[in-house]
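First up is the structure itself, then whatever we jot down about it.
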Amino acid sequence: MLGQVLLAASRSPLARRAVSGFPVTRRVVDRFVAGEDAGDALTAVRRLTGAGLTVTLDHLGEETRDARAAAEAVKAYISMLDALRPLGLGTRAEVSVKLSAVGQMLDHAMALDHAGEICAAARDAGTTVTLDMEDHTTVDSTLSVLRSLRADFPATGVAVQACLRRSESDLRDLAREGSRVRLVKGAYAEPASVAFRRRHEVDLAYVRCLRVLMEGKGYPMVATHDDRLIGVAEMLADDNGRERGSFEFQMLYGIRTDKQAELARGGATVRVYVPYGDDWYGYFMRRLAERPANVAFFLRSLRSK
Ligand code: FDA
């Protein structure tokens, strides 16, 4: 219930102004976001890769309705990729892109062109791009952009949300040679007509989706902090004779860092999703919605001021 309220608030301009207005909010946001600028993000990249993890960088921003802002987001990605090149990390540092940040809500063709520019810069930097998945209304458009991008940039990946009823079938198409798919539970408020809404239903759907990915020929990216699902992923990988390097785990910056380190120590590839930038509101609210304890932490910070 609280989660649904927070997800609704994540899209409300009024709530955005109220939450962003608290002076202490920034301190709480810092738990989930690497910083406001590219320099902060690069510091996090050095620290995390130095500790044996890999990263995917997200320049924060979404639901852009302004063509100039969409073009600015593309520039930010290209300059980040230029900065990554001399670090020589290759695919140990890639980028994640929300198509709605680069024009998807304005014009499908604009989003495709912009994503193509980012993919070209990523290729020049020796790395890859993964498309985030946003709410269910964007899935067809995102998968269509993915198909077009993969013609020129075959390593482009995509996130798929287990909570959506359609995803198992989408994954049967996606789990092919060379394809990179990040499986997530899903972070958006969705109607029951298109999505499983109960936790245990989403978990069961996640397992079904994992099975499709692990049995397939692609590269599964298992994005969850859920111990049980991490265990199931390891078991399914074993059952399907997958070597360690033929799939990876992914977790969000600042969440379950102990588990990230533990999996990496055990020889798994672990990629940390590192968001940075000043447009943190939507991302932050989704993190609060996922876990009521985060709201308590936020409220305690307000009180302690
Ligand atoms: P679950 O929510 O059940 O959490 C399991 C445990 O993890 C919790 O008990 C807690 O210990 C910890 N945890 C989880 N969330 C936490 C939080 N916010 N704060 C503190 N602890 C927390 N979604 C989407 O719709 N599109 C996308 O493109 C992506 N991309 C993406 C990339 C990566 C790398 C990850 C890890 C996740 C996403 N997501 C996403 C988000 C995803 O859909 C989902 O909302 C979160 O991962 C939370 O789900 P879990 O699978 O972690 O399980």
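Cβ from N, Cα, C; glycine included.
Since we're looking at a predicted model, the values are computed, not measured.
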- Item | Listed co-binder of FAD (same site as Gln161, Lys185, Gly186, Ala187, Thr224, His225, source TrEMBL) among Met105, Met110, Met133 | Met133
- Query: Cα of His225 (FAD binding site) to Cα of Arg287 (substrate binding site): how many Å, rounded?
  - Reply: 12
- Message: Can you tell me which of these binding-site residues sit near ligand 1, meaning the Cβ is under 6 Å from at least one of its atoms: Lys98, Met133, Lys185, Ala187, Thr224, Arg287?
- Response: Met133, Lys185, Ala187, Thr224, Arg287
- Task: Would you mind pulling the longest C-alpha to C-alpha span across Met133, Gln161, Lys185, Gly186, Ala187, Thr224, His225, which the record has binding FAD, in angstrom?
- Result: 18
- Message: Spatial neighbours of Arg287 (substrate binding site) among the binding-site residues Gln161, Gly186, Thr224, defined as Cα within 10 A: which are they?
- Response: none
- Item | Those binding-site residues listed as Lys185, Arg286, Arg287, and which of them has the most Cβ atoms within 10 Å of its own Cβ | Arg287
- Query: Over all shown protein chains, what is the count of other CB atoms within 10 A of the CB belonging to Ala187 (FAD binding site)?
  - Reply: 23
- Note on the structure: Arg287 (substrate binding site) -> DSSP, reduced to three states, gives helix
